[in-house]
Amino acid sequence: MSEIPTLINQVRNKQPLIHNITNQVVVNFTANGLYAVGAAPVMANAIEEAADMANNADALVLNIGTLTTVQVDAMIMAGKAANKKGIPVVLDPVGVGATPFRTDAAEKIINSVKLSVIRGNAGEIGHLAGLKSDMRGVDAVSQANNQEVAIEASKRLGIPVIVTGVDDVITDGQEVFVVHNGHSLLTKVTGAGCLLSSVVAAFLTTDGGLLEASTAAVSFYGVAAEVAAEHTSGPGTFQTAFLDALYQLNSDVVKDTIKLETYTVTAKEA
Amino acid sequence: MSEIPTLINQVRNKQPLIHNITNQVVVNFTANGLYAVGAAPVMANAIEEAADMANNADALVLNIGTLTTVQVDAMIMAGKAANKKGIPVVLDPVGVGATPFRTDAAEKIINSVKLSVIRGNAGEIGHLAGLKSDMRGVDAVSQANNQEVAIEASKRLGIPVIVTGVDDVITDGQEVFVVHNGHSLLTKVTGAGCLLSSVVAAFLTTDGGLLEASTAAVSFYGVAAEVAAEHTSGPGTFQTAFLDALYQLNSDVVKDTIKLETYTVTAKEA
Amino acid sequence: MSEIPTLINQVRNKQPLIHNITNQVVVNFTANGLYAVGAAPVMANAIEEAADMANNADALVLNIGTLTTVQVDAMIMAGKAANKKGIPVVLDPVGVGATPFRTDAAEKIINSVKLSVIRGNAGEIGHLAGLKSDMRGVDAVSQANNQEVAIEASKRLGIPVIVTGVDDVITDGQEVFVVHNGHSLLTKVTGAGCLLSSVVAAFLTTDGGLLEASTAAVSFYGVAAEVAAEHTSGPGTFQTAFLDALYQLNSDVVKDTIKLETYTVTAKEA
């Protein structure tokens, strides 16, 4: 746990190659964000080379933000290549539940590829796990619910999840990490969640454990947002300052700023 | 009319979901610009979900900047879903006239979907309305011509139009609104026109009338550009400052800065 | 040679239309960078209009960063239209060698389209020319090797090449131009190389010779990076300042800042 703030140094030393099959909206911001963190991005969506490129990479990110049928096939081919190579695979189920096509695609990916972790907001993760009817509605979820959704979804899916929102929850259904960092301007920059999924993938190439490395990524990201917001007069300057912060932020500042809560789910809660 | 500067407040309160089927070049900037204005963007181009996503939305934008044949079909499916739901549909005929494919696609969309308003430059709107031979050439059109093109095109197409340039004209062929705000650096940022089309869509979800809401969007956008240009040393810092200005600009500043001219086309001119 | 720093003025006066068939990651940055330099960008990838759009343009850029099979066909159609019209064609073989699909595509383009110049890093250009086995590995190439790779690759391919890295080399295998400008932050902005390829295309529409115009583009770009880096605290602010610098930089500053070395390959070296 004490190494969580320092895992960024491993990312920067290793410069892992992160293969992103992601949506058109965020592809540029994701590549720039990965460079800023110290990783190397590659964005290769085509079915003709998705598996070959995954086989070159240190981690794979599958993001369903602007899917097509052929893109789903490319994701599954890349995912299987990544599984065969033994590298981490992160799923970002953007907007799952918004259309039947998107929901079916996410389920198909989950059933075909062994995922390391799934990152989304409470509505997305809850929908994936079939919690929809248990929820008060995506927009109405409280922080308590954020943690409940994460824990219950991880148990049902059998996969660790990261639920991000005002607070961020990382859990495998037993161990729970809650990060209280971040800034509201992140919600005004398109792709802030998508980039985080890719940053998580970069941290998963370190020797931190899965939950610890995910927590390191989420807290590093949140502290960078806080630093960036200090020099900001709106979402335009924030986005620019955020890339600078991801590039410059060192582990000492993370250590001093991180607001982390951890607990284990008790039998009663389970 | 007096409510034009205040319609931005309705956009921010309502946070309308704007579905954009738009081009690859501007998709990120459009999403960030809609967030900045206070709307919520969704960019779903795939034919597999275009209609379903339009059915979730409060307004639809069809932008032909990087078309393919299947994309035209997706636009028409989304447009019909939007028409059925009764939400506004904005067409941005980017580069119409540049290639036969683009021209055919724009005509197919116009013939298949009931549009609320079409926004483009004088060359694009003139071409759409078959005014090409009447024009002195796209680059040579004067401001007088800008208004003539808008009025004549709207009459011929039977659809309200927004012609943007040094001055911006909003008209249904009878009522004419001319906005004298904006800044030349907008022409150095790719997607400045495309984002405006999406901002118009956001304003069309307010209870302003169609011409008033369009004029509110255009004038808000122009004033934001003027504010942004004050803190700018080129197109890079301008783009960043412009997103900040879209986010921060309040209706009082718009009220004080708007330069609006209105008139009704007389029988003689008609 | 003495006109190299002043060719930017010809670009700005001519405002050449540069048709880019490029990858999804960099398409927005490329368009904004071309506007900043004073050129006019058009990004039309669809096979339905690629040839027609190339026929409108003053130069064509083919960038294989996010290829599909149909995209290769569109590039060849556009390339043949450009050859027929007699406008310059620049190839950017992004990531060639990373996957068999990408390598095959690059070879197919080279065999089908008459190229003016190919721009890439030493690994890409070396791979294209079959120099792989002669190299110490992409990451290990020294500056001396950078020049060796460029000279040998140009001879084997029979096409002028631009090899960019810490120093940039422009050569047709006989005349060699080495530019010692630039800044390391360029390597932290996705698409910095891709945009340079498009800026080269813009300079090729001037009346400088091919090697001189390419050198003018590369040195202008490098000096702009140096200027931008002065006002920068990371890759976010650098990208913004770089667009400003491309827009504002004048030929006098280039003349004072350019670090250019030229030589002719002797018989012994050849």
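Cβ from N, Cα, C; glycine included.
According to its DSSP assignment, C:Met43 (substrate binding site) is in a strand. The substrate binding site annotation in TrEMBL covers C:Met43, C:Gly191.
Sequence-distant neighbours of C:Arg119 (ATP binding site) (same chain, 6+ residues apart, CB-CB distance under 8 A): C:Val90, C:Leu91, C:Asp92, C:Val161, C:Ile162, C:Val163, C:Thr164, C:Gly193, C:Leu196, C:Ser197, C:Val200. In the three-state DSSP scheme, C:Arg119 (ATP binding site) falls into the strand class. Residues annotated as ATP binding site in TrEMBL: C:Arg119, C:Thr164.
For chain A, the nearby binding-site residues by a Cβ gap under 8 A, listed in sequence order, are C:Gly191, drawn from C:Met43, C:Arg119, C:Thr164, C:Gly191. Listed binding-site residues C:Met43, C:Arg119, C:Thr164, C:Gly191 compared with chain B at a CB cut-off under 8 A give C:Met43 as the close ones.
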